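J.: Pulled from TrEMBL, these are the listed features:
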type	residues	note
COMPBIAS	424-440	compositional bias 'Basic and acidic residues'
DOMAIN	126-192	domain 'Ig-like'
DOMAIN	211-287	domain 'Ig-like'
DOMAIN	301-380	domain 'Ig-like'
REGION	421-460	region 'Disordered'
SIGNAL	1-20	signal peptide
TRANSMEM	396-413	transmembrane segment
Amino acid sequence: MSPSAGGLVVFLLSVQVIQSQDGWRVDYHQTDVCAAKGSRVYITCTYTHPPGIGPSDIKDRFWFTKEKDGEPVDLRIDSEYSDRVEYRCNSDSCYLTIPDVRESDSAEYKLTFMTNKPGEKYTGSPGVTLSVTDSGLQVQVRRLNSTWLELTCHSSCVLSDHPGYAWSKNGENIKRGSSLLVSSGSTDRYSCYFRGYPGDDSPAVYGPQRPSVSVSPSAEMLEGDSVTLTCSTDANPAANYTWYKQDGTSDPRLLSEEPQLIFSSIQSSDFGWYFCTAENQLGRKTSDFILIRVKYGPQRPSVSASPSAEMLEGDSVTLTCSADANPAANYTWYKEHEDSPRASGQIFTITDFTAEHSGNYYCEAQNEMGRSNSTLLLITESGVDRTTMIFHITRWPLLVVMLILLLVFCLWTRKKKAVSSTTEPHESREAVEMDLHPECEDLSDMAAQREDPEEQEDRV
């Protein structure tokens, strides 16, 4: 039978171990054997028998691992081995073939002889201990620097007649040898195998694929619920996970270095974008962003007035209400001590303001999760009516105009008196000046006594 026909072959040819008694002797070539699951194992030995026993006296010889009623059970009739084992024996040697070994085949194998002479039998003991491992080959990864990684092929079994290692990339044979250099961040899959037996490859090593994110429960999230985010990917060696939250334009905030991010009682402040990374020695990948929306009732609303909360009769004022809520809140406006709402909507406008509009106003924000009221906002009528304000604004400019007109009149009158004095020489110039209108003499005093309007208002 060709060795390659059944996969990896384990030959036992290295160390000769002799078991003898009364002329019987069994030479096992190895007493401890390690084999990879699925490989083909050969157990061989040579033997001799006492001089008084010839080949024709040997009635039977067979391999066994267990006994029944004190007698060995031939592997060929053992239900766990029947139709799976093969013997090849001649006058001085014998070997056992076990194809496609299983982990359950791990046992001690012995060769026994039965003769046609009463009481003459012999078992070569101790026998050969076979250990079958789940995977005989593994790839170990070591980082050399930021650019290169070294892959080393390693067998958990010390095989006899070691055939040497070879490498495959994405299923294609690429190189012989026990080690291989690859670039960091590679997305290829690398595995090693015993040269000449490419069907018995080691598990492939490769960097993480793009991680996927799952949310539990997948239904809507309510404030106070327990929520779990899970990051997962396909990678070998197994990936390490890290969770982040993206807060605006700042750098992502690290939250956890576990596959799961758990919110035992999720809050409105947990609303936002999340993502995870998966990393092993061969590379690093980042998941897509996931938006966590948390339903919660309105926070206390804030209220503002424009242009101000102090109004004049006839003016207009716009009140605005806003509250943080998910889903978005609906708004209703009330006046204190009134049961019926004044308006609905985020904006409430009062036009043609009158004294009846004065009072405390508040808004109520409501969604399916709850409701909340704002603090009171006092809207008042100014103590100065519009007519009084117009008078205060216009009285001083009018007074200035009147003073200017009076000054012009006085100057004109003085000029007229001066002309008349030229026709009356008996009067002195000083007399003419004294005959000016008395009201003009006090004009400068009146101007000097004019005070700032605000000072006069304060004095009143």
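Residue numbers in this text run from 1 along the chain shown.
Cβ from N, Cα, C; glycine included.
No curator has checked TrEMBL annotations; they are predicted automatically.
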J.: Please list the DSSP helix, strand and coil residue counts for the domain 'Ig-like' (211-287).
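T.: Helix (H, G, I), strand (E, B), coil: 3 helix, 42 strand, 32 coil.
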J.: Could you count the residues of the domain 'Ig-like' (126-192) that DSSP puts in helix, in strand and in coil?
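T.: Once the DSSP states are binned, the domain 'Ig-like' (126-192) shows 0 helix, 39 strand, 28 coil.
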J.: If I take every residue in the domain 'Ig-like' (126-192) and average their pLDDT values, what number comes out?
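T.: A mean pLDDT of 86 is what the model gives the domain 'Ig-like' (126-192).
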J.: Per DSSP, what is the residue tally for the domain 'Ig-like' (301-380) in helix, strand and coil?
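T.: Looking at the domain 'Ig-like' (301-380) with DSSP, the answer is 3 helix, 43 strand, 34 coil.
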